[in-house]
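Below: one structure, written as structure tokens.
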Amino acid sequence: MSFDELLDQAGGLGRFQIFQLVLFCVINLLTYPHIVLENFTAAIPDHRCWVQILDNDTVSGNVTRTLSQDALLRISIPLDSNLKPEKCHRFIHPQWHLLHLNETVANKTEPDTEPCVDGWVYDRSYFPSTIITEWDLVCESQSLKSVVQTLFMTGSLLGSLIYSLLSDRFGRKVVYLWCLLQLGILDTAAAFAPTFLIYCILRFWAGLSVMTIMINAFCLMSEWTTSKRKSVGIVLMMSSYSIGQMFLGGLAFAIRSWHTIHLAVSVPLLVLLLPSRKLVESFRWLIVRNQLEKGVKELRRVAHINGKKNAEETLTIEFVKSTIQKELDAVQVKPSALNVIRCLFSFHFRFSNAVSFYGLILNLQHLGSNIFLFQVLFGAITLTARIVSLWTLNYMGRRTNQILFSFLAGVSILVNTFLPQEMQTLRVSLATLGVGSVSAAGTGFTLHQIESTLGGIVSGFQRTGAILAPLLMTLLGYSLRLPWIIYGVITLLAVLVILPLPETRNQPLVNTLQDVENKNEVIHG
């Protein structure tokens, strides 16, 4: 309770905390779209093989000039099982007999086909250019879209591990500013990538910083906010992710070129570096690093911003030292076996939640063609879910919130998996319910992990789940339902692992391992 007492002296929710929260929300609004950029920059348009008699303007002939485009397409491209032109094959030779619909063709052999050796023709009515059309990432190369997403998520995992160590060594603020600069520069450079390989490298490198921006923002916000106000701040910051999704949907609708979309979400991050310099380093981190004088200086600075008079007289080094004596003298103890088990369960929940969440939001085209609407809809439903989660967190507790919404998410995904494609409205409704429920459960767990000192390692397991989510979509080649069945089952299993975790509602933030042991003694004493 000692840190909370000091924060109350400096103003638990004053002008500084409001400035900090607004700034973080604006930055998150622009940072989160980088995670789901490939929904639009790697959108797969309708396509077919390039055919000489259709697409070569130099070809001339009396026959081809008298035939319509549909007729030329019919004799050049075979039909798939849905009686639509094949996307990845063409006839080796024009099949003129197909023009005569009344001709009996039962005895004719199947015409020989070949892959699109001369390239593809794309429908550019939705997107004039994407990385798919830029580097022909279709047919045999279609899985490379998932590779890009996986590389970005892998970068976010490595970045969260590397920069968490650097944050502990050099402070939250300096690493936060560096990652903001890095993300802005790298994804700006990605817009001008000359090859797909360079694009992948830049996206991987950009992924190193994106999660650290979000994690350090959470750390700075929570460590300058009292326990009673923390849940509101966390939900508001996570709501900015949802607004970021809606923002990206509207932006991509207005700006269809993948180059411009990259620039539109990257360049503003460089501008936001200027107000970010006014952030204050974490007081808790300074105390842990034995920088008491600097910590007191920053505490007085926050108190001054919040309009607290006589801060220098009340917040003296002696007063602060006596207030936090428990933290300064805490003895590191080994976690009990119970805490180890709880950590393992927390790892599984965060992993499962990430797999299902990113499996839904990274694959909008599997729901239908209007991905702009789906992006805005998913953003709106996750925003609503996080606001609803704020109520359930305050009145139902952390565990009940996660159990309820995880169950709803798993059931929604599994039911949706077995619905026919014709029931489009119901499929979209269940998908939005699923992503909203996963989002609400994740919001509750984010607060739960911060209050239980599980943040760093558990976030690593979240990143692992985010890496697996796009990789599972490569299983579509074996079964169209298999990835979605896995998403649903994993989410339902997450319900069971929440049960052993302690309830942390209205509990002070744990500051030392000794606090964890003391809390266990109270719960099980």
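Note that Cβ sites are derived from N, Cα and C of the backbone, with glycine treated the same way.
What TrEMBL records for this protein:
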DOMAIN    66-506  domain 'Major facilitator superfamily (MFS) profile'
TRANSMEM  175-198  transmembrane segment
TRANSMEM  204-222  transmembrane segment
TRANSMEM  234-255  transmembrane segment
TRANSMEM  261-280  transmembrane segment
TRANSMEM  344-365  transmembrane segment
TRANSMEM  371-391  transmembrane segment
TRANSMEM  403-420  transmembrane segment
TRANSMEM  484-501  transmembrane segment
So, taking each listed stretch (175-198, 204-222, 261-280, 484-501) in turn and counting its Cβ pairs to the transmembrane segment (344-365) that are under 8 angstroms, which one gives the highest count?
484-501
Please work out whether the transmembrane segment (371-391) lies in contact with the transmembrane segment (234-255), by counting C-beta pairs under 8 angstroms that are 6 or more apart in sequence and asking whether there are at least 3.
yes
Beyond the flanks of the transmembrane segment (175-198) by at least 6 residues, Cβ under 8 Å
27, 31, 34, 37, 131, 134-135, 137, 144, 159, 163, 166-167, 205-206, 208-210, 212-213, 216-217, 220, 258-260, 262-263, 265-267, 269-270, 272-273, 276-277, 279
Positions on the same chain near the transmembrane segment (403-420), where near means CB under 8 A and six or more residues out:
349, 352-353, 356, 360, 385, 389, 392, 396, 426-427, 430-431, 433-435, 437-438, 440-441, 444, 481, 484-485, 487-492, 494-495, 498-499
Contacting positions for the transmembrane segment (261-280) when only residues 6+ beyond its ends and CB under 8 Å are counted:
16, 19-20, 23, 26-27, 30-31, 33-34, 37, 40-41, 173, 176-177, 180-181, 183-185, 187-188, 190-191, 220, 224, 248, 251-252, 255, 298, 301-302
